[in-house]
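Participant: Pasting a structure below so you can have a look.
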Amino acid sequence: IVVPRTMEDLDLQKVAGTWHSMAMAASDISLLDSETAPLRVYIQELRPTPQDNLEIVLRKWEDGRCAEQKVLAEKTEVPAEFKINYVEENQIFLLDTDYDNYLFFCEMNADAPQQSLMCQCLARTLEVDNEVMEKFNRALKTLPVHMQLLNPTQAEEQCLI
């Protein structure tokens with residue numbers, strides 16, 4: 001899967017702080033379709049490190065409860081692209097952000113034969129912004145694989161501690 005890169009530059013310090021997972025999409029919906037699906041994660045916070053890596057604080061359902069995890073995304077030569085070791089070795093890349101309201105990112109597992117892509121729309125607040133959601137949908141259409149959308153914004157589905 002080759003994904004078009006839309007962000008040339010990334011100011012890592014500006015993505016720091018609280019975020020909320022507003023929508024998720026995946027090339028294989030089984031990665032997201034249940035509470036315990038492997039990539040059904042709720043981003044809480046992004047923390048740039050002094051080495052320009054990115055610590056991702058997320059929540060995920062485990063053993064019937066919501067558990068917090070931290071994942072380190074290691075910088076690569078490409079400004080908006082990181083390597084992570086979550087579930088398997090994957091790449092994370094930022095598709096688009098305005099830093100203040102929204103951030104779109106995708107996680108790609110490039111290991112054949114199970115190549116898969118999962119993307120999320122993050123927002124600084126829990127208010128749904130239809131313009132941002134439309135922009136996320138347009139961004140998904142630029143991807144080389146068909147993405148199935150899931151909106152986990154209903155409170156009972158959000159993994160809250």
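In case you wondered, yes, glycine gets a Cβ from its N, Cα and C as well.
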Participant: Consult Swiss-Prot and report which candidate among CYS119, CYS121 shares a disulfide bond with CYS106.
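Facilitator: Of the listed candidates, Swiss-Prot names CYS119 as the partner.
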Participant: Do me a favour and check the Cα-Cα span between CYS119 (disulfide bond) and CYS66 (disulfide bond); whole Å is fine.
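Facilitator: So the alpha carbons of CYS119 (disulfide bond) and CYS66 (disulfide bond) sit roughly 21 Å from each other.
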Participant: With every protein chain in view, what's the tally of Cβ atoms within 10 Å of the Cβ of CYS159 (disulfide bond), excluding that atom itself?
Facilitator: 20
